[in-house]
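K.L.:
Input: one structure, supplied below.
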Amino acid sequence: MSSSTPSSSAGGVGSADSAAPRRNSKRPKYSKFTQQELPACKPILTPRWVISAFMLVSIVFIPIGVVSLFASRDVVEIIDRYETACVPDGYKNDKVTFIQSNLTKQCNRTLTVKKRMKKPIYVYYQLDNFYQNHRRYVKSRSDSQLKENSSWDDVSSCKPEDMSKDQPIVPCGLIAWSLFNDTYSFSLNDQQLAVNKKGISWKSDRDSKFGKDVFPQNFQNGSLKGGATLNLSIPLSEQEDLIVWMRTAALPTFRKLYGKIEQDLQPNDQIHVTLDNNYNTYSFNGKKKLVLSTTSWLGGKNDFLGIAYLTVGGLCFFLALSFTVVYLVKPRRLGDPSYLSWNRNPGGH
Amino acid sequence: MVGGRRKKQHFSRIHAFTCGKAYFRGDHSLIGGPGFSRVVYCNDPECFEASLLNYGGNYVRSTKYTLATFFPKSLFEQFRRVANFYFLICAILSFTPLSPYSSISNVLPLVVVIGATMGKEAVEDWKRKKQDIEMNNRKVKVHQGDGRFEHTKWMDLKVGDIVKVEKDEFFPADLILLSSSYEEAICYVETMNLDGETNLKLKQALEATSSLHEDSSFQNFKAVIRCEDPNANLYSFVGSLEFRKEQYPLSPQQLLLRDSKLRNTDYIFGAVIFTGHDTKVIQNSTEPPSKRSKIERRMDKIVYVLFALLVLLSVIGSIFFGIATREDLENGKMTRWYLRPDETTIYYDPERATVAAILQFLTALMLYSYLIPISLYVSIEVVKVLQSIFINQDLHMYYEEADKPARARTSNLNEELGQVDTILSDKTGTLTCNSMEFIKCSVAGTSYGRGITEVEKALAWRKVSPLAQDVTEEEGQVEEFKKEKPSVKGFNFLDERIMNGNWIKEPRADVIQKFLLLLAVCHTAIPEVDEEAGRTSYEAESPDEAAFVVAARELGFEFYERTQTRISFYEFDPLSGKKVERSYNLLNILEFSSSRKRMSVIVRNEEGKLLLLCKGADSVMFERLAKSGQEFAELTKEHIAEYADAGLRTLVIAYREIDEQEYVEFNEQFTEAKNLVSADREEMIEEAAGKIERDLILLGATAVEDKLQNGVPDCIDKLAQAGIKIWVLTGDKMETAINIGFACSLLRQGMKQIVINPETPEIKALEKSDDKSAAAAAFKASVLQQIAEGKRLLSSSNKDSEAVALIVDGKSLTYALEDDVKDNFLELAIGCASVICCRSSPKQKALVTRLVKSKTGSTTLAIGDGANDVGMLQEADIGVGISGVEGMQAVMSSDIAIAQFRFLERLLLVHGHWCYRRISSMICYFFYKNIAFGFTIFFYEIYASFSGQAVYNDWFLSLYNVFFTSLPVIALGVFDQDVSSRLCLKFPPLYQEGIQNVLFSWLRILAWLFNGVLSATIIFFFCIRAMQHQAFRKGGEVVGLEILGATMYTCVVWVVNCQMALSISYFTYIQHLFIWGGIVFWYIFLIAYGAIDPDISTSAYQVFIEACAPSGLYWLLTLLVLIASLLPYFAYSAIQMRFFPLYHQMIQWIRSDGQTDDPEYCHIVRQRSLSHTTVGYTARFEAKSKSSKERARDH
């Protein structure tokens, strides 16, 4: 790679003092810029550069891949799919009727800890085939209403969940209306495991998007009840389940933070979960999962990043080797233009 | 005044004008009828009758828009572009709930883009407006009554005004000449701006008005002119003048046209008859055709392809959306209940899923609109304007002597300059300077003159060092040459043997004396003595004649006066060494004509001897020599061949003494023939002249250089090496054209010439007879036959890879361009290495241009300097005007104006190549980056039930093209250089990349589009796989829509900018600033936008500071995606660069290996890609060495 300064050719032209400037002369002013002679780096892909670049990538990528993979493998995750198991046998073929009935929805599950889980342990619920990113759904909220008490009647974007009994709904819109309402309680060895539901939402949401003086009002009062109800005496900024829910997920399979267990769990611990299976995912064949997971510096369990890094790094290493071989075995024919397109077909001339 | 009067006599003496005598012909009976209804009340424009007529004023507007029409008209123009119209529809739809994002973010870019283009239009129109203002405010003297003439603005002129135009002023409107400073009311007019002819035309007023010499004579002047209505015909005019109750007919002889110039006449008086837009010149002006480059036309096709892709994606999306929506209600039960399909709007109604799908289709059209780059057009405009600034600013294309830089008048053809396949060039004023220089002569068998011609120079240069050929050195040579340029115009003769009176010491001084005497006497030039400086200058009909007189003067025979019967000159007397005054009686002038190819004068010298002095072409002169007069014939012939090969025009000089008896006989016959009024008058004169012009005694030959402009052979050579075909279209005669062909190496000895010129005696005889159609048919048959013969010759010489030249004359061209012949003709012409069309009219030039352009589909460039080239310039893909001495007409209708032909080399090989490369890479890259972006949006839709939810924040979307990715592309379009200008000129074959369109072939375009899809795939799927449902960082939070959007967007910004960095080969600080700046700016924007109140920033609020930046995943993912996306391209280009380099990459290798200074090596690289059938002196040199080698082998 060479960095060269193009010499200003044709001496006389370059220097400004070659001709005494005439009055009103139209002679263009000389500058490296206007003459397109700016000093420039003109890299070309020489064998050395190509091989070095590939080697550099593989040297950087393979360690990163290893570290990422280790980080992902360190994470302990317990996943329990319960949406089918928590339907009584008689309703297995008609789950929708069950979920819409008034039958008791309580359900007990047992989770076994396989590896030691260090606190904090995050509790997620995972929904599947739920299009929180559907345009109708995403748009169906009123940010100003959530934020300020004074715009409580700003519900224009919330149809059809905007008004109920001629009163604006706070919080309005489909997102709030369909708030997830399964609940979980955990016990370990008959001891209640405390689930901390504070601080599970983004701080900026609590501080800036959900008002401290905005209280739920007229919520879930309509003819069709969606999801959870809200405590009318708690301001929205403290309704963290709502705040988490209202940050719409990017993909149809998503997890949302339910709470944190601030206690280490040991291998072979049996955790009893008592859950209220209220939320209707049966209409659209969605799965429901309960997830307990620790985190690493890289977040949750996902091997993809590590594997991808290793693959790309390995590929680059392979390419570096094969380029070396090719360059050695088959040196370039210098300045041979015979394979230029216009020499290949003489008819083109 | 005195000089003027004298000159007038001379001209009429010599040319026997028959002017001013128009009779009422048939046409004049039409006056007053339809089409001939104009009535002009001269000197009384305010009278009642005149005010009824209400003719327009003299205000001329050349602007496209007025203040009122600007908005509607230019908006209409804008939205005629399909892409813009589509974006307008999108902008309108964005105000409906169909829009996937906020309307403002959709409308704003459109407003910016349209605004910028309209701004450019406005600026350009404003420039025209300023020109108009300058033109309309010029002053002319107008009669104000009472014989007072006062300066008035042009635009205030009215029909019927009497104006007084002074020397060297332009006529402000179409005028009827009333009188002039000359007694006979004649005036000289230069019509260069109208037809490109530089010779002066004579106009004469009616006798009735010719006595109005003084301002005061117009005090009571009244006249009425009735004439034809405004029309575009420059050469006809019908009218009548009513003056003092008498009717006089008016003809074109009295008509002075706007934009022509008064010359050699102190002043004229004229009556305004046509003003402003009624004038013939403006009626004649056609709207300049709007030209678009090939690349842009192909770009439109790409846009259509992308439209198709866009529609396809939208259809797919809307079908899936329709199915998903229909399933939202199953047997009256809601499936996706959270969307409330039971109480929904039309857009999501499961019961009318088809309608919803159709509406969704519209939404999708808007959502995927990023496939079609809205800013592409505006970016290209910006880039092209900047490129043309570079062209304008190029010091290498600045012509010091005329103080003229190059000027790109339209910026939309820059890249077309890099694809020129055929150059159609005018000769006079373009290849040549239109000045003749006396450079050599052969007297008494000795060749004199040490001057070297451009051609010789070029050849000599090649011989000295056939390989080393450095631009700088060549330019140095040109500089050197400039210094020794002769101070005397028309004289470039250097030979101490005969200069400064030394000729008397030569062995044959007597012959030299006669030779010089002949030069001083045998001509039709008119001297103009400047008393103060004591110098004599000459005005001659043709520049070569002037060159002879000047040469005679410089060598001691100063011709200074001509009267009707006498020619006077000073002669350097060898005995006394002083100037002696001589005067010869001029008896007859036997004029030059194209059939005679010679001219003679018969004079009686001071001793009373009768002399016939004759000069003419060698073809006719040698056969007229006396047996005794052939002393030097052989040597002279040799010299003539030598001169001709050097590209000089030669004339043979001979004389004879006549005895009285013979002269008397001749004179009788000649006078009789002259006075004859019949069809064969010319023949009789010729016959008489032919009788006396015989038994001549040869003196020698002259060689005049039709001076090529500096560097023309060199430039032609470079262009030929670049594989550009060069055709010369000239109005000159065939001999001249062929001479110039040799001079600039378009022709060379040993090149086969196909001459199409069927002037056979039989056809001539047919033409003489009345049967014109038979003559035409015979002519055409003959042309056809010659074309067929030519093709046979061509195919046979193609086998031997020999170059063939085609020379066609104008008359044959008329037939060759007919519909049924032209394909044949073109086939022949394309096969030839060089094509020269002589005697071609402006119309034929345009037709030939059109033929080449339309039939071969290749890019044509026309270059010319005169108004007769305008048609050609407008017809060609690119018109280049030479802003030389001849008028501005060519420049005004050109796309690019340069001062010298040689600048074409730099314009094409450097700027053309760069611009082509820049624009084509820029467009490819533009589509790449938008495909990469658009497809990530589309892929996301798969995961969002095709509902039209965009993955990115609204403002991310709309600022993508404007801020984060546009500047590097513009930098690419403006600054990128594959190889430096020095190397561009050193390796002309590089230009083939443009002609073959290597850089913008469909394959390359599709490859870039594919690369875009590939990048999008890698970006999207890597992102969603890495950012699944798991916790996104240590705090346990998961990824939401806004985080995924921001991360993916970051990846896109990185990838497209680094892709740019990979694909350009020229990094100045500007590239660094824009590419890395674009990325940095994205982060700055993300932080700044995220810090704004969530009402505005919505989902982007705090997304970077709070979520992305502290997360290791975000950064690692960016790095991974970046490298993974670039890897395919990097590997591909590493292989391609090393093992299958394009020509420019080969030069890059040579440069990086440091072999550019190895002349032998460079020569090899250059030579291998040259074709054998090319022209230029390199080819000439090759051919010469090849043939000499063959000769050596044969021996």
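All residue numbers here begin at 1 and follow the chain in the order shown.
From the backbone N, Cα and C atoms, a Cβ is placed for every residue, glycine too.
Unlike curated entries, TrEMBL annotations are predicted automatically.
So TrEMBL says this about it:
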- B:Asp426: active site, 4-aspartylphosphate intermediate (ACT_SITE)
- B:Asp426, B:Thr428, B:Asp865, B:Asp869: Mg(2+) binding site (BINDING)
- B:40-105: domain 'P-type ATPase N-terminal' (DOMAIN)
- B:891-1141: domain 'P-type ATPase C-terminal' (DOMAIN)
- B:302-324: transmembrane segment (TRANSMEM)
- B:357-378: transmembrane segment (TRANSMEM)
- B:926-943: transmembrane segment (TRANSMEM)
- B:955-975: transmembrane segment (TRANSMEM)
- B:1005-1027: transmembrane segment (TRANSMEM)
- B:1073-1092: transmembrane segment (TRANSMEM)
- B:1112-1132: transmembrane segment (TRANSMEM)
K.L.:
Between the recorded positions B:Asp426, B:Asp865, B:Asp869, whose Cβ has more other Cβ atoms within 10 Å than any of the rest?
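P.N.:
Of the recorded positions B:Asp426, B:Asp865, B:Asp869, the highest Cβ count within 10 Å belongs to B:Asp869.
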K.L.:
Determine, to the nearest whole angstrom, how far the Cα atom of B:Asp869 (Mg(2+) binding site) is from the Cα atom of the residue listed as 'active site, 4-aspartylphosphate intermediate'.
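P.N.:
Cα of B:Asp869 (Mg(2+) binding site) to Cα of the residue listed as 'active site, 4-aspartylphosphate intermediate' measures 7 Å after rounding.
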K.L.:
Going by DSSP assignments with H, G and I as helix and E and B as strand, what are the residue counts for the domain 'P-type ATPase N-terminal' (B:40-105)?
P.N.:
31 helix, 3 strand, 32 coil
K.L.:
Have the transmembrane segment (B:926-943) and the transmembrane segment (B:1073-1092) got at least three CB pairs under 8 Å, pairs 6 or more apart in sequence?
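P.N.:
Stretch pair does not touch.
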K.L.:
Any chance you could find the range in B:302-324, B:357-378, B:1005-1027, B:1073-1092 with the most Cβ pairs under 8 Å to the transmembrane segment (B:1112-1132)?
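P.N.:
It is B:1005-1027 that shares the most Cβ pairs under 8 Å with the transmembrane segment (B:1112-1132).
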K.L.:
By Cβ distance under 8 Å, which residues at least 6 away from the ends of the transmembrane segment (B:357-378) in the same chain are close to it?
P.N.:
81, 83-84, 86-87, 90, 93-94, 98-101, 106, 109-110, 112-113, 116-117, 299, 303, 306-307, 309-311, 313-315, 317-319, 321-322, 325, 346-347, 923, 926-927, 929-931, 933-935, 937-938, 941, 946-948, 950, 957, 960-962, 966
K.L.:
Secondary structure at B:Asp865 (Mg(2+) binding site) (DSSP, helix/strand/coil)?
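P.N.:
Note: B:Asp865 (Mg(2+) binding site) is coil by DSSP, not helix or strand.
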K.L.:
Over all shown protein chains, what is the count of other CB atoms within 10 A of the CB belonging to B:Thr428 (Mg(2+) binding site)?
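P.N.:
Looking across every protein chain shown, the total is 23.
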K.L.:
Rounded to a whole number, how many Å is the Cα of B:Asp426 (active site, 4-aspartylphosphate intermediate) away from the Cα of B:Asp865 (Mg(2+) binding site)?
P.N.:
8
K.L.:
Tell me, roughly as an integer, the mean pLDDT over the domain 'P-type ATPase C-terminal' (B:891-1141).
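P.N.:
Mean model confidence (pLDDT) across the domain 'P-type ATPase C-terminal' (B:891-1141) is 90.
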